[in-house]
Amino acid sequence: MAHIMLTLLIGMVLGVISVASNPSPYFAALGLVLVAGVGCVVLMGHGGSFLSLVLFLIYLGGMLVVFAYCAALAAEPYPEAWGEWSVLGSVLGYLLLVVGAGSWFWGGWYEGMWVPVDELIEFSVVAADSGGVALMYSLGGGLLVVSAWVLLLTLLVVLELTRGLARGALRAV
Amino acid sequence: MNPFILSILLLSLGLGTTLTFASSHWLLAWMGLEISTLAIIPLMSQHHHPRAVEATTKYFITQAAAAALILFASTTNAWITGQWDINFDLHFFPASMLTMALALKMGLAPVHFWLPEVLQGLDLTTGLILSTWQKLAPFILMCQIMPVNSSLITFLGVTSTLVGGWGGLNQTQLRKILAYSSIAHLGWMILVMQFNQQLALLALIIYIPMTFSTFMIFKTNSSTTVNTLAASWAKTPALTAITPMILLSLGGLPPLSGFMPKWMILQELTKQDIPLTASIAALSALLSLYFYLRVSYAMTLTISPNNLNATTPWRLQTTASTLPLAISATISAMLLPLAPATLALLSL
């Protein structure tokens, strides 16, 4: 299990590097798909299967699809993939950074341990992932209201920023 | 802007900072910071010209990166210590990450590079909100995580005062001058925050009226460069006479109120047995003082020539409210004799 988790986490870091190395948005979205997918599997390995499902549906199936369509509006004839020298330079740089950070933290800087969510299930009243969502609707009502307000605010902010079609620097294509 | 949208944005700006002030959980504090970032974005780009949109984009990217780092640090702290409560001490590693993230949020050196460019792209009112209100929430979080990693905090503080002084020396644009002034003042606040949070709060409470007055004065004169200030002697002679007091108060010159926080901070630093840091901070204030003096020279101490139309304007009564500027200018210039009362009120 530890080997699977290690492989998944390495895959996640490689995916993050593939996004951060600044390729064309198509390929960056592909990298994001990899990161989110692997992240969901990591989350499942820790027992948060419900949260993993919600993340897959909403993030990958909703937001990333919308982003892919928006990126398609700004398509270019010769997109920069990870084979291009400019992107490859960034990839190598970030790989070096990861190796450096890994060697800095080698030997354990933390005193804690991996504790999967469902391991304490005999000592818990609610499962940590779906129970948390249920709590948001009962005791955590205030946080639910604040979160809903933030989402509404984000909508209003985006609408205000893109209002006016052709005027200003944010133009409708 | 549509008045409903404007009210929603301003209220959300208030909500965000209030949420951060009132929270004892790191997640809620982070949410408050994100709400205030989101709410100010349309305010910054409301004039829709490329300079403002560029400033908005830069602001959004830096603040989002800082907020992500705050979330990461608090999650790491929860992983290590099992605590989400702000009142509990942080583990040293997430504490350093949090400090750097909050420094990026506030605009402390060496992560200050976004502040002059962002402030330059905004109009004076939005710049005022950015310089005063947006500093409150990260400041209060910084106060609550003290004491952490003394060398990092001292490094941030001293670098900020030096960068704020040296960076402002070559500026002719008033908004950039005020940006470097903000960096220097925040440096002073950070320097004393590890020893005495009340003095840091005092520095912030004195800094806000001073910056408010400066922005309001520049707005009244509709000037964004030092050269255009040269016409204010004919338009508003009273304001022209008061402005050097405000600017030199920003520079920390006695007997103006700006001297109060610097005096108390230097005293505290000496009591803590770091006189070298105190001397470096005091000498860096000299650098800032030079460019404040230059602005007051251009505005007040020189009666600049102009054509007949500009030297004899009609001085009609303004429809804008003058009370806020009057109050803040009085506070900025004349609060020093009330120093004992102010300090007593702040010992919460």
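Going from the start of the chain as shown, residues are counted 1 onward.
From the backbone N, Cα and C atoms, a Cβ is placed for every residue, glycine too.
Quick look at what Swiss-Prot annotates:
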- B:3-23: transmembrane segment (TRANSMEM)
- B:24-44: transmembrane segment (TRANSMEM)
- B:60-80: transmembrane segment (TRANSMEM)
- B:95-115: transmembrane segment (TRANSMEM)
- B:136-156: transmembrane segment (TRANSMEM)
- B:177-197: transmembrane segment (TRANSMEM)
- B:198-218: transmembrane segment (TRANSMEM)
- B:239-259: transmembrane segment (TRANSMEM)
- B:273-293: transmembrane segment (TRANSMEM)
- B:325-345: transmembrane segment (TRANSMEM)
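Residues 33, 58-59, 62-63, 65-67, 69-70, 72-74, 76-77, 135, 138-139, 141-142, 145, 148-149, 152-153, 156-157, 159-160, 162-164, 179, 182-183, 186-187, 190 of the same chain lie 6+ residues outside the transmembrane segment (B:95-115) yet bring a C-beta within less than 8 angstroms of a C-beta in it. Counting same-chain residues at least six beyond the ends of the transmembrane segment (B:136-156), those with a Cβ under 8 angstroms from any Cβ of the stretch are 16-17, 20-21, 29, 32-33, 36, 86-87, 90, 92, 95-96, 98-100, 102-103, 105-106, 108-109, 187, 189-191, 193-195, 197, 200-201, 204, 274, 277. When each of B:24-44, B:60-80, B:177-197, B:198-218, B:325-345 is scored by its Cβ pairs under 8 Å to the transmembrane segment (B:239-259), the top-ranked stretch turns out to be B:325-345. Taking residue pairs at least 6 apart in sequence, the transmembrane segment (B:177-197) and the transmembrane segment (B:325-345) share fewer than three C-beta contacts under 8 angstroms. Counting C-beta pairs under 8 angstroms (sequence separation of 6 or more), the transmembrane segment (B:60-80) fails to reach the transmembrane segment (B:198-218), with fewer than 3 such pairs. Cβ atoms under 8 Å from those of the transmembrane segment (B:24-44) belong to residues 1, 5-6, 9-10, 12-13, 15-18, 52, 55-56, 59-60, 63-64, 67, 70-71, 74, 77-78, 84-87, 105, 118, 121-122, 126, 129-130, 133-134, 137-138, 141 of the same chain, restricted to positions at least 6 beyond its ends.
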